[in-house]
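These come from TrEMBL:
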DOMAIN    11-454  domain 'Major facilitator superfamily (MFS) profile'
TRANSMEM  7-24  transmembrane segment
TRANSMEM  58-80  transmembrane segment
TRANSMEM  92-112  transmembrane segment
TRANSMEM  118-139  transmembrane segment
TRANSMEM  151-170  transmembrane segment
TRANSMEM  182-203  transmembrane segment
TRANSMEM  333-353  transmembrane segment
TRANSMEM  365-388  transmembrane segment
TRANSMEM  400-424  transmembrane segment
TRANSMEM  430-450  transmembrane segment
Amino acid sequence: QLQSKILILTICAAGIGGTFQYGYNISIINAPTSYIQMFMNKTWLERTGVPLESNTILLLWSFTVSAYPLGGLTGAVVAGPMAIMLGRKMSLLLNNVFVITAAVLSGFSRMAKSFEMIMLGRFFTGVNAGVSMNIQPMYLAESAPKELRGAVALTSALFTALGLVLGQVVGLRELLGGEESWPFLLASNVVPALIQLTALPWFPESPRYLLIDRGDRESCISALQKLRGNGDLSAELEEMLAEQAAVKGQRAKNPWELFQNPALKWQLMSIVVLSSAMQLCGNDSMYFYAAYVFQEAGIPQDKIPYVVIGTGSCELITSVTCNMIIDYAGRRLLLLGGYIFMAGWAIVFMVALSQQTQISWMPYLSMACIFAYILSFGIGPAGVTGVLPTEVFDQMSRPAAYMICGSLLWLNLFLVGTAFPFIVKSLAHFCYIPFFVVCVCTALYVWFFLPETKGKSFLEISEEFKKRNFKAQTHAVFYKGPEEIKSTML
């Protein structure tokens, strides 16, 4: 089974320098927070002779943290043109330049006595994550056989979760999270980049990109043979040629053209709703609460980082599970289940938080809620959301769709990161009400409007949406919604 080995190795080579970096860089910044703030104060004192006020330190720190999503947004916007002009594989390789630059800046920041270098480093790290979050799922879903497409594209979420956990582990005090070693911790993201630069060049470019974008049939067949072996490729090639014929004479679309095209109305609506919900559902904010809840549950202060690793591992375990079942259970079921469970846990969590001080066992319930919420997120929304743009858009619209998706993802990450402390302040224990509303609305949207894409070719999915887009003009869509969907469930 050499061919399945090659597909697995391609996935690993793309993932380690791709979405792995996103998860890794989100979690390594947490451990050295206090040391970097002290470094900012000390540097300022040496420069001006005046120490910084605590508010100013907090402001500088929030700039450092928000440089990451800002970079991510930039990365998401340049990812589309990169994927079209350079190809999927080349874009992933070039993308490592950003992270190597970031590692050099962060690694030498203390020596250069400059905290601005850390901010700039975080920005470049964000650009790297923004590009890979868009291009990696596209590259993998285009390289995978139809029956494995969901599972292969979902590995992007698996690598994110793996990065998250490894970042938490490396950030422990005993490893690189100590006061002396934080510049090395921030620069450690250079290792995955170097692994990718050595491994990925050996694997083929996306066969779909080679045939449909480049019109290079020979390269496409040789890439397919590398990925599938010398078996019968005629059916798969025929499907690609049909898609090539369907988009013949078109050029790659720009994001704004997708909004103007009535034939893409429901596809666009679906990815806008699901990409926004992925950040607005409150999963990342659970990590914000984790340390506080664990402290209340009586876990000693110095043991909390180890328990927090448990939350990251939760996401990793569910990503693996989701990977195994996505091509059996289908996309809709996992999304629906994920959001419905999250809505339920949000209510339990708010009740538990409000009774935290009154009832002795409540902190344990809120602890269970944190794990359950993260598990529910991992089982569906975390992975399926990234797969959908590849499946519901054709080759010419796909890069633009990922640009829209990625931009929304990072904008909302920035929004939630900025707004959440204020939400906590004003709603106290009921701070999960906005997230609860998001989960319920998303579940309703999936139930009524999202068709199943499991096991279908890209052209079949396109046809399915075409029916829906043009039925809308006869105003029958709202009545036909549920019946139409039932008939597509396999």
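Just so it is clear, glycine is given a Cβ too, placed from its N, Cα and C backbone atoms.
Listed stretches 7-24, 92-112, 333-353, 365-388, 400-424 were compared with the transmembrane segment (430-450); the greatest number of C-beta pairs under 8 angstroms is found for 333-353.
The stretches the transmembrane segment (182-203) and the transmembrane segment (400-424) are not in mutual contact, being linked by fewer than three Cβ pairs under 8 Å (pairs 6 or more apart in sequence). Within its own chain, the transmembrane segment (118-139) has Cβ neighbours under 8 Å at 14-15, 17-19, 21-22, 25, 29, 36, 63-65, 67-80, 82-83, 88-89, 91-92, 95-96, 98-99, 101-103, 105-106, 109, 153, 156, 159, 186, 189, 193, 206, 386-387, 389-390, 398-399, 402-403, 405-406, 409-410, counting only residues six or more beyond its boundaries. Remote same-chain residues near the transmembrane segment (92-112) are listed as 14, 17-18, 21, 39, 75, 82, 86, 118, 120-125, 127-128, 131-132, 135-136, 139, 182-184, 186-190, 192-194, 196-197, 200-201 (criterion: CB distance under 8 Å, separation of at least six residues from the stretch ends). Beyond its flanks by at least six residues, the transmembrane segment (151-170) meets 7, 11, 15-16, 18-28, 30, 133, 136-137, 140-141, 143-144, 176-177, 185, 188, 305, 308-309, 312-313, 315-316, 318-320, 322-324, 326-327, 378, 382-384, 386-387, 390 of its own chain at Cβ-Cβ distances under 8 Å. Each residue in the domain 'Major facilitator superfamily (MFS) profile' (11-454) has a pLDDT score, and their mean in this model is 89.
Long-range Cβ contacts of the transmembrane segment (7-24) within its own chain (Cβ-Cβ under 8 Å, at least 6 residues beyond either end) map to 92, 95-96, 99, 125, 128-129, 132-133, 135-137, 139-140, 143-144, 148, 152, 155-167, 189, 192-193, 195-197, 199-200, 202-204, 227.
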